[in-house]
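Student: Pasting the relevant annotations from TrEMBL:
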DOMAIN    A:20-712  domain 'Aminoacyl-tRNA synthetase class Ia'
MOTIF     A:50-60  motif ''HIGH' region'
MOTIF     A:676-680  motif ''KMSKS' region'
BINDING   A:679  ATP binding site
DOMAIN    A:764-918  domain 'Methionyl/Valyl/Leucyl/Isoleucyl-tRNA synthetase anticodon-binding'
RNA sequence: GGGCUUGUAGCUCAGGUGGUUAGAGCGCUACACUGAUAAUGUAGAGGUCCGUGGUUCGAGUCCACGCAGGCCCA
């Protein structure tokens, strides 16, 4: 005896989730899904480590669903898919959180709290929400190994990072340079962008602004500016930081901006000049009133200075023009050769200034970038150690080489209030302005008020200043990075070619330095005169410490050699000895946290000390082999320049390989209105609540089905609900239907004793054919990392084909009579469909898929060969021999014809229960007839009609329609198509007939004749005169709505059946209960209907007796349209 | 300002290589069905396919320029 299929009255999806979860746990299904594939080909997945110092949000469910789907799919396909989890633990967010908790600022570190204590706090804080993350992982069904995760702060992880850094160092890919960063001379420290974004740092400041005149040198390039010009030509550039003018090294112009040369006079020296500036800005500096004044009338000191535009050109024409250094305090051969020229600047606008930007590469971030791109050297001097330094020192004063202003602070705010209040005091900017005016180098000087960043510590203005930084020379490997990226399969493709590809093309070196406390320390020690040592392992560090102790530099008790923590402050206490015997201190910076995560393919395994000692090339623990590179990774698109880049960069630089072969960059999860979710705005969706309410499957399914993962998702709980109702509800109903009747009939699926598919009815063969097509499509979609297409295909199959067509039309087969071949075929077919659906959906909806699979297979006795879990199965492959294209076409036709007939019934207000005698279907070829005949029974049953009659051409009653085949005609006749199309549309029935008879038509338009063939047009039947017809493309259907007495009686009988069934249901009878029906005499039509359809009524209602009686006292009165009847049902 | 991306019905989305009546689901309205019933069927209303130009016999689809939203960067 078979076991029962579980039946459910009100299933709760969240409970299904919990039930399956405990099943997985109890049986170790996840572990088994990995272990059972031991020895099979591996599929490598890298988990991008989340940071557990914040709570997980709904977007994490999205990202992790994507990851989970493909790991589960590949497992189904027979691969072994290990998924090592990980935690990202270093970085600024952790520091900020700790500072907030302790109520301290960075300033306090080392004062109120030691670095040691601070870092200890960070270590604790970073795992603060680990439990929530673990809960989410479990509840959403994300399978990842959290028992043995990699943790980026662990010594073995950091040690591996050091090893990799040393590799880069040894390859010459790690170097010290500088970047231009916000710097506070008053505080003597650089400021992070985070610090700069603190409220209140930007304040209005009144600065002296100068438009300086840069004198153009004569050359071939500049010759055009001197045609018909004898006076000197100057380029005008504006600055609000005059103190940077001695450091000017280039002028930047917009290549597309229009510029003009204006002939006029200097307002301070009154000398005749010609100046170059953006055309749009001429009005700003030259008075409209003076435009008409003749230049020759000008006298020194005139208020109105005449001017005249003498030339116009684009920025491109100005490029490479050289000019005389404006304030030549410092120069050298390199500068003379490569600086003081016009370069392109993408940031140049004509909003203010002159449309030409003064560039001092060491004092501006944009300046630094464009100067570097154009190969312009910086204006620097050598300090006492022979090191290059800028013209402003770290205190914010000019160096002695800037003789006129030596040791003057560049910003007046750096002077004390007392000094500034001295009536004789003049800010440096003003002194510079005076000097330039005198030298005929200033065109305009004025006060300018603008927003300027201030140091939050000292409240003094910041400078943009070159600060030491360590870099990875990614530019050296740019070509390989670009080249190897082309072999990565990006989803979506555009992120790979566009966002990522373009970024690689415009790569700059990777700035590795971070001035922080909690992170991976830079393992580089430097002596005062620049000797460097990079440490690549704990082993090496210990050896170096011993050396240092021996040399008497370290005492040996500074650090605990047995438990050497590689974080600050411990590593800072280590002072090594250089080859020449000098003490070396560690470079104080930490490395960018992105290095941590980008190195996870190696660092997650840690170093194998023996391999390391032997000097092996990849001395990582053994698991590294076979787990590099990754087959698949997935993260948010915001990781493009983050994790995706660091993974790629390190892999290419260290191994000349890609780090991952396939990648999905998913989009953002927004709220339902398309706004970013944020806790502050209160529009964030709680993932736990969502899962509790709708279950994990509906949540996952919705996210995948609704839009491609790489598009932004407008997350709407109504949508989740819809998915739950429409898809899961329908699937559940279908299963419930199956379980109900299978249990009644004691059906058991016996895989080896099934009815051959070829012997099953059309409907079964059709749905199985559809199922095979579904398998193919789903498999292909998953293989192409397109889960959305897979989900939509499964959903369409379940709701449209399986439920709304197959089950609906098959219902009678299940509920009538005893077990027979047809019934068994129906059960077997539906079982197969449900079972396969369970498997196909399981990567996306792992709980429900499991639940469905188990419900189906748990009822099988013993030897079924079914797995304990759907996640341990191998994915079915499509059986092409079950695919029947012509049957698919037939059924498609059946669905369309049925729909047309329903529509006609509706128009004539004839309900489906009323049988009709026939439909007419015009057919123009035999193939269509055969196609419809194959599914004739299905159509007739569905629409309650007795017969289909096929009207072919020979009847002569068909009215036809002709349509030009635009595609074919367009290709052939091009411009004449319009006329030809119009002419064809004018064809009458005679023309169509003639064309069919002659297999063509000679169409004459004007004097031209076109030989049309039958392929140039589409001919279809449109109407049968005298009938009411409905059309759907080439299909036409006419319905005979004559209702004979017999049909009327049958209709009444059906109504009666329906009412009796309702009564049965109201009485709470079971499906299989037999009844006795008594009907009171009354309407003659009902009596007649009863007599002529007695057998039918009994069969349908499970009635053993059906009696007409004279009167019923305790019967039920029933209305059927305009008829009334009294009847009674007894057991 | 730059790179990428999105824009089709009230909402969420489909619409290979251009082909003349632009589709689906939800929602809305009406009707039907009632042993899958917190289902289901049929019909209806609802579109300047973001705009403007261009290529073409023909553009939702291709090109250019804009507009609006999003992400990343500066």
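Using N, Cα and C of the backbone, Cβ positions are placed for all residues, glycine too.
Walk me through where these features lie, including what they touch and how far apart they are.
Tutor: Below 8 angstroms of C-beta separation, residues 87-89, 91, 93-94, 97, 125-130, 132-133, 136, 636, 668-669, 677, 684-687, 690, 715 of the same chain, each at least six residues beyond the ends of the motif ''HIGH' region' (A:50-60), sit close to that stretch.
DSSP labels the residues of the motif ''KMSKS' region' (A:676-680) in these numbers: 0 helix, 1 strand, 4 coil.
Sequence-distant neighbours of residue A:679 (ATP binding site) (same chain, 6+ apart, CB under 8 A from its CB) do not exist here.
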Student: The motif ''KMSKS' region' (A:676-680): which same-chain residues, six or more beyond its ends, come within Cβ distance under 8 Å?
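Tutor: Cβ under 8 Å, 6 or more out: 57-59, 668-670, 715.
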Student: Based on DSSP, tally up the residues of the motif ''HIGH' region' (A:50-60) by helix, strand and coil.
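Tutor: Reading the DSSP string over the motif ''HIGH' region' (A:50-60) gives 3 helix, 0 strand, 8 coil.
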